[in-house]
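Residues annotated as domain 'Cytochrome c' in TrEMBL: 82-215, 234-368. Here TrEMBL flags Cys104, Cys107, His108 as heme c 1 binding site. As annotated by TrEMBL, heme c 2 binding site applies to Cys249, Cys252, His253.
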Amino acid sequence: MALGAVARDGAPAEAVQCQQASADTAATADADASGWRIDCLRQQYQGKPGQWPRPWIDDGVPWQELAPVPPAQPPATAAEQARLILGTALFHDPGLSGKGAVSCATCHQAVRSFTDGLPLAVGEDRLMGKRRSQPLFAAPFAPLLFWDGRAASLEEQARGPIENPLEMNSSLEKARAYIASVPQYQQWAEAAFGSDGMADDEWLSAIASFVRVLRPASTAADAAIAGDTQALDDAQLLGLHLFRTKARCMNCHHGALLTDNRFHNIGLSFFGRRNQDLGRFEHTRDPADLGTFRTPSLRGVAQAGPWMHNGIFPNLSGIVRMYNAGMGNMERGNTTDDPLTPVKSPHIQELNLTDEEIKALVAWLEVL
Ligand code: HEC
Ligand code: HEC
């Protein structure tokens, strides 16, 4: 099947030749424990992503090549600069919440790729939400926000947590009154919007301007994507190759941010169980959206755990093992004849990765 995928996609056959058939691994001096000849891979991964072996992509998937993350635009005017400073302060200010206890940064911490390290978000009064805090690196580029795509702009998104009783438990009115009570905010607001007092869409736009400039730290993966694959050790390089080919990850995790920003059911809706979450369907009520969630960016993913919309995976190797098994059959539920049974994406398949290959894929994820 794997070979067929290469041929169908017109990928160069050489990449396949870097792998030893298991029978002659022992006889081949330069194959490592994984059964791959790393020198051969190094040769194929010279230069930039467009010159690398083509990824294995299913028919009809509008994929994009790996690419550098577009840099943030610095503020162009003094007013934009003041708006960004104001937004940065507001993002970190618990004064915006009902009881002054929770800020955006409580749940979106820079050192954790802007998540909070918890399986499910915990808001004011320790109330627990039903999804995990999202990492924010995809947010500046995503046409639809949240796990289920229910917000269409960062400005619209920002009011959500402020008004959500399970998050910041406040109201726009209360937050606006608080902001008006801080003299420093009034100074920045005047520089940013040229008026005293601020309309809700103005301070919400200030918060959005902060989220818009968030970027992941640069890593060895960025060096590789810029053309220097020597920055990757052997395991990371093999992981990159598997990510593109045998492990099929690039069907959904592609482009600069390693996300297609689309919605897929990878089999985690817990249909028919206590933790059921039907994802985008709960917003659109379109049966095609049953159990689908937006593909997360994998930039900074090692720092973002526990993973998935419900934080059920405490480690990355568990995730890769689950993908390897085709994500199991958790979508069956009790009632297979229920017309609203979520259907797993056809891009999720059993992968037949070896233990060494699973380790290599994790090594690549850890360097993103
Ligand atoms: C109590 C924890 C909590 C607080 C406080 C919080 N968030 Fe979130 N944030 C979440 C959760 C949970 C999600 C995912 C919700 C969902 O998809 O249903 C999320 C999603 C987001 C997203 C969407 C990311 C994407 O790629 O779609 C952005 C942007 C965001 N939050 C910014 C903010 C801002 C700005 C604030 C402050 C105004 C804030 N958050 C406050 C928990 C929190
Ligand atoms: C069919 C599209 C698709 C394919 C193929 C795919 N993913 Fe995903 N991935 C997703 C979606 C959608 C989610 C979020 C699902 C959820 O939370 O329910 C996700 C989540 C993840 C997460 C958790 C990220 C986080 O912040 O929670 C990791 C890690 C991950 N994928 C890695 C991989 C790897 C490695 C591969 C290849 C073996 C892969 N994915 C293949 C769509 C895909």
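Backbone N, Cα and C atoms are what each Cβ position is placed from, and that goes for glycine too.
Locations of recorded TrEMBL features on the structure.
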residue: Cys104; record: heme c 1 binding site; contacts (Cβ under 8 Å, 6+ apart): Leu90, Phe91, His92, Leu96, Ala158, Pro161, Met168, Ile207
residue: Cys107; record: heme c 1 binding site; contacts (Cβ under 8 Å, 6+ apart): Thr115, Asp116, Ala121, Val122, Gly123, Ser133, Pro161, Glu167
residue: His108; record: heme c 1 binding site; contacts (Cβ under 8 Å, 6+ apart): Phe91, Phe114, Thr115, Asp116, Ser133, Leu136
residue: Cys249; record: heme c 2 binding site; contacts (Cβ under 8 Å, 6+ apart): Phe243, Tyr323, Leu361
residue: Cys252; record: heme c 2 binding site; contacts (Cβ under 8 Å, 6+ apart): Thr259, Asp260, Arg262, His264, Thr295, His347
residue: His253; record: heme c 2 binding site; contacts (Cβ under 8 Å, 6+ apart): Phe243, Thr259, Asp260, Thr295, Leu298
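Screening the binding-site residues Cys104, Cys107, His108 for a C-beta under 6 A from any atom of ligand 2 leaves none. Mean pLDDT, taken over the domain 'Cytochrome c' (234-368), works out to 93 on the 0 to 100 scale. Per-class residue totals from DSSP over the domain 'Cytochrome c' (82-215), listed helix then strand then coil: 66 helix, 6 strand, 62 coil. Cys252 (heme c 2 binding site) falls outside any helix or strand according to DSSP and counts as coil. Mapped onto DSSP helix, strand and coil, the domain 'Cytochrome c' (234-368) counts 44 helix, 10 strand, 81 coil. Take the mean position of the Cβ atoms of Cys104, Cys107, His108, the recorded heme c 1 site; other residues of that chain with a Cβ within 8 Å of it are Phe91, Ser103, Ala105, Thr106, Gln109, Phe114, Asp116, Ser133, Leu136, Pro161. Ligand 1 lies under 6 Å from the Cβ of none of the binding-site residues Cys249, Cys252, His253.
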